[in-house]
């Protein structure tokens, strides 16, 4: 189902409730329709507004210091199904339709390094080779 | 199933992989056995070590600036089933057995404020009255 854009007056009220941190950011957990947690990333006011308007998930890249339209270079886009804030309004939970894989390693989920008594064990193997995802480099 | 403690030498190797931020913290997403995302909180090296040793989830409270053994005042403890790191090793995903409710408002999950075109709508009502949880105050 297509995302219903949040209209401007509602958006302003809603954004005023969001507790962005000192850097102007809020963390966002993305899960898919089956409730598999895919990744955690950050949003600023601009990327959250864009996400809630277009339904196409846009984060803020802290390393590149710019908007990060998920999938812009890899094609592995996220389309918003629903979004909710936690009790303190300082974390978002997004339910998304994930095209392909969420992780830059080519895995569906970023959370693949299991902590076990014998050390870190990879839970999954890549579904897609990272080289295929990015041609040469620049993960998205 | 009881958590199998991570032994000391493995723990040291593992903790060296974790990318704590400038404040010495890593964010931790807690989900239950049904993959319902319950909350997001933070851990420092000490609280992560305690969690992985005892299997009883211990966060670091940024507001109170001390270890926060989830449920210590409310009784709503979290017991660890599994833990995994994401690809960048700067976020944890915990699967926990949640006693009662995770949220200080008395709801099972903290993510109850749905963002909709008509504003914020509460997805759930409290299962437990917060007054019952804490007697008077101090959420945990």
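Cβ coordinates are placed from backbone N, Cα and C, and glycine is handled just like the others.
Just so you know, TrEMBL annotations never went through curation; they're auto-generated.
Under DSSP, residue A:88 (Mg(2+) binding site) is assigned to coil, being neither helix nor strand in the three-state scheme. Annotated Mg(2+) binding site per TrEMBL: A:86, A:88, A:90, in sequence order.
Marked as Zn(2+) binding site by TrEMBL: A:87, A:103, A:110. Under DSSP, residue A:103 (Zn(2+) binding site) is assigned to coil, being neither helix nor strand in the three-state scheme.
Annotation comment: TrEMBL describes A:39-112 as domain 'Phosphoribosyl-AMP cyclohydrolase'. In terms of DSSP secondary structure, the domain 'Phosphoribosyl-AMP cyclohydrolase' (A:39-112) contains 10 helix, 31 strand, 33 coil.
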Query = What is the total of other Cβ atoms whose distance to the Cβ of residue A:86 (Mg(2+) binding site) is within 10 Å?
reply = 25
Remark   = As a whole number of Å, the Cα atom of residue A:90 (Mg(2+) binding site) is distant from the Cα atom of residue A:103 (Zn(2+) binding site) by 24
Ask   = Measuring Cα to Cα, how many angstrom lie between residue A:88 (Mg(2+) binding site) and residue A:103 (Zn(2+) binding site)?
value = 28
